[in-house]
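Remarks on the structure that follows.
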């Protein structure tokens, strides 16, 4: 008997490659519609004449055991004769990665064979199908349940006949749809965007008595390792096997050498149990708690207290860290964002290594989880390789500061007597664990307040006394004051939580800041990033100021990558100023799992006493803990770096070769053999300066917040070229203010009411417009244009424009936008004179032309003002003839009186 099977292609979105197994990409196939008894002979061929496909067409003879199945590759349109010794159900795989093709496959079957009962969801009554299957001599049947296709084996026939197929359909489709949503996948029939899902996808489920373990997710199907489907027909929120194996379809690259194999997919499983279960069931039935939450929390507490390396934690201990990571309001957006980032990366350049997983999660979150990660013993790497294959700085803490991220931390470490059952402070939001992560805003309802003293330890109190400080929860300022005359900060009426402290950093001296609880009460997670933990009961804090003289940007470093996928392993800092070498270890696996072969070794030798220090990284390092390893050195110490492979240790801009490279610590730099101190260190410092300046340009909010990077830029610029003003705009306020001009144009109307303020700060590339509320308009006596503000870019395009007739109502508005050198400002005022004022650094400029039209051009640091249009070649002139009949002069408005902007 003849059969013809036509199968479409599986179209891949741009982020998915042929041969990858994610989201069931190779699971689609079409049944021939028969069951072949053992030893059945048949012929098969594919029609290549019209299809246009470039890969073999695959026919599979499936049953319930991989050891008795067969795969047939059709490479041309010639007939192939086949005889198979085992009962089987023939299928044709959908060609993967092709577009706009249909594969046609022809079968000629000799001898008897059995029709395969097939059910397509919602196309006929279920009972009609079950009746057909019940009466059929076939032990097999095939189900199309939208997002899952299921080959039911003979051993599961009775179980399938007893199953509610509508509920089975709902069970599988809800799981896959939810996992798609968690990953941010969007249905798209054209599959041509970075977030496109796989069109017409479906998981393929079968039995496999020869399969590994209890069940598995494979490239071509998911199956229990049994001759029957077992739990794959059990509809229950506790069916961990099914939700676990389906979750593997979404592992992507997140489990590659991250110690998260069987963790990442289970974090999705936990989320769907979270969705399905009510509060009581969540505690009793969820796999992460199993009615033993207090005991599991105690285990986590012991691991933290003992500083156990996170990579050595147990399976479910690591999993529950993700439970608490994803529980907060926007926690799941972290998961969606990191998946989107992966797809962008895969679409753009799959050869570039992915970021270290903890850095990746940190930069994908809407809240700041860095302190939480440190608590459990993982350290996000602060470097990554960008799309141009260049190692760049994440600046994780500054990025969080610029984005106004709130810091989440376990509630039990904030309200130290909190207990979910016995003392929960009647908190109204849903919490399921004493380790749930909260922010200060969520704890206001407790009405717990503290007066906290921050003791400042500094060599020169005059650098900070009387200076303002503030405390922030994300973007919200919750407290502000000034440093008291005794050199301390006093916080009054502050609720519990982790805040960001914006502390003064000195005036003409710069400092590094370190924040911690009092030494006798080491509760606070000490840090250099101004994360201020206010506990209940509260403790006082200690803020230690250490003079900052030599910029960190002048410190050379090396970047260590993994052997196979170039994953980020460690940063090595060679600090000649502090005479230290510091290793920041971010990944304990540099190569193959469980392999103890030497991967990297550093030996530091003291030339004066012959002593040496050694730091070793094997391919796998289960006993190492992520974090910092610091070694003291002396001038002329030799630092021997031994690499087992080439091209995985980047020093400066050069990948070091396999074998040994010896560096020497000089007073101001580290050099390779046969080299002598030269200007190369300054060149590398200048390159880092420009890179970090670009970072501040990208996160311009940091230009208005005192921070260590601005200190570092100032100190490094003084080292590279003290006379240069290239980096002035990035300096700390104390050093930047003398170069900062703030121009305020103020428009007034009838009764001298303020209509509009236009403020321009050229050095910071910032313009701000504040428009007042005036229902009657600027001046009700005029029905014509009364005033106008317009800014244009260097191409003449309008950046901002606002105008009103005299009797045209005004409503309040506030605009903030960037302006650059060469931008022009055009102002019109119907009644010039006192109705249009220019205030420079809080001083009224009395020489503003008293004309209706005022023109100005922005330069790098100042504003050129006149009453006629300013040509490009006049931009830098201080006194220039405009060429008009009145010989009007254009001046640079300047003053010696500065303000802290």
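The backbone N, Cα and C atoms fix where each Cβ goes, glycine too.
Lifted from Swiss-Prot, the feature list:
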- 27-330: domain 'Peptidase M60' (DOMAIN)
- 265: N-linked glycosylation site (CARBOHYD)
- 278: N-linked glycosylation site (CARBOHYD)
- 339: N-linked glycosylation site (CARBOHYD)
- 349: N-linked glycosylation site (CARBOHYD)
- 540: N-linked glycosylation site (CARBOHYD)
- 594: N-linked glycosylation site (CARBOHYD)
- 595: N-linked glycosylation site (CARBOHYD)
- 642: N-linked glycosylation site (CARBOHYD)
- 683: N-linked glycosylation site (CARBOHYD)
- 698: N-linked glycosylation site (CARBOHYD)
Practice problem: Could you state the whole-number distance in Å separating the C-alpha atoms of residue 540 (N-linked glycosylation site) and residue 349 (N-linked glycosylation site)? | Solution: 50
Quiz item: So how many other Cβ atoms are close to residue 278 (N-linked glycosylation site), meaning within 10 Å of its Cβ?
Solution: 8
Quiz item: Ranked by the number of other Cβ atoms within 10 Å of their own Cβ, which of the glycosylation sites 339, 595, 683, 698 ranks first?
Solution: 339
Quiz item: Counting other CB atoms within 10 A of each CB, which of the glycosylation sites 265, 349, 540, 642 comes out lowest?
Solution: 349
Self-check item: Cβ packing number for residue 594 (N-linked glycosylation site), 10 Å threshold
Solution: 8
Quiz item: Out of 349, 594, 642, 698, the glycosylation sites in the record, which is closest to residue 278 (N-linked glycosylation site) when you go by Cα distance?
Solution: 594
Quiz prompt | residue 349 (N-linked glycosylation site) - helix vs strand vs coil (DSSP) | solution = coil
Quiz item: What Cα-Cα separation, expressed in whole Å, is found between residue 698 (N-linked glycosylation site) and residue 595 (N-linked glycosylation site)?
Solution: 42
Quiz item: Per DSSP, to which secondary structure element type does residue 642 (N-linked glycosylation site) belong, with helix, strand and coil as the options?
Solution: strand
Quiz item: Which state, by DSSP, holds residue 698 (N-linked glycosylation site): helix, strand or coil?
Solution: helix
Practice problem: Have a look at the glycosylation sites 349, 594, 683 and say which one has the shortest Cα distance to residue 642 (N-linked glycosylation site). | Solution: 594
Exercise. Whole-number Å only: compute the distance from the Cα of residue 595 (N-linked glycosylation site) to the Cα of residue 349 (N-linked glycosylation site).
Key: 30
Quiz item: How many whole Å apart are the CA atoms of residue 339 (N-linked glycosylation site) and residue 683 (N-linked glycosylation site)?
Solution: 38
Exercise. Using residue 594 (N-linked glycosylation site) as the reference point, find which of the glycosylation sites 265, 349, 683 has the shortest Cα-to-Cα distance to it.
Key: 265
Exercise. For residue 265 (N-linked glycosylation site), just give me the three-state DSSP call.
Key: helix
Practice problem: Would you kindly give the Cα-Cα distance separating residue 349 (N-linked glycosylation site) and residue 683 (N-linked glycosylation site), rounded to the nearest Å? | Solution: 30
Quiz item: If one measures from the C-alpha of residue 265 (N-linked glycosylation site) to the C-alpha of residue 349 (N-linked glycosylation site), what distance in angstrom results, rounded to a whole number?
Solution: 25
Quiz item: Any idea what DSSP makes of residue 595 (N-linked glycosylation site), helix, strand or coil?
Solution: coil
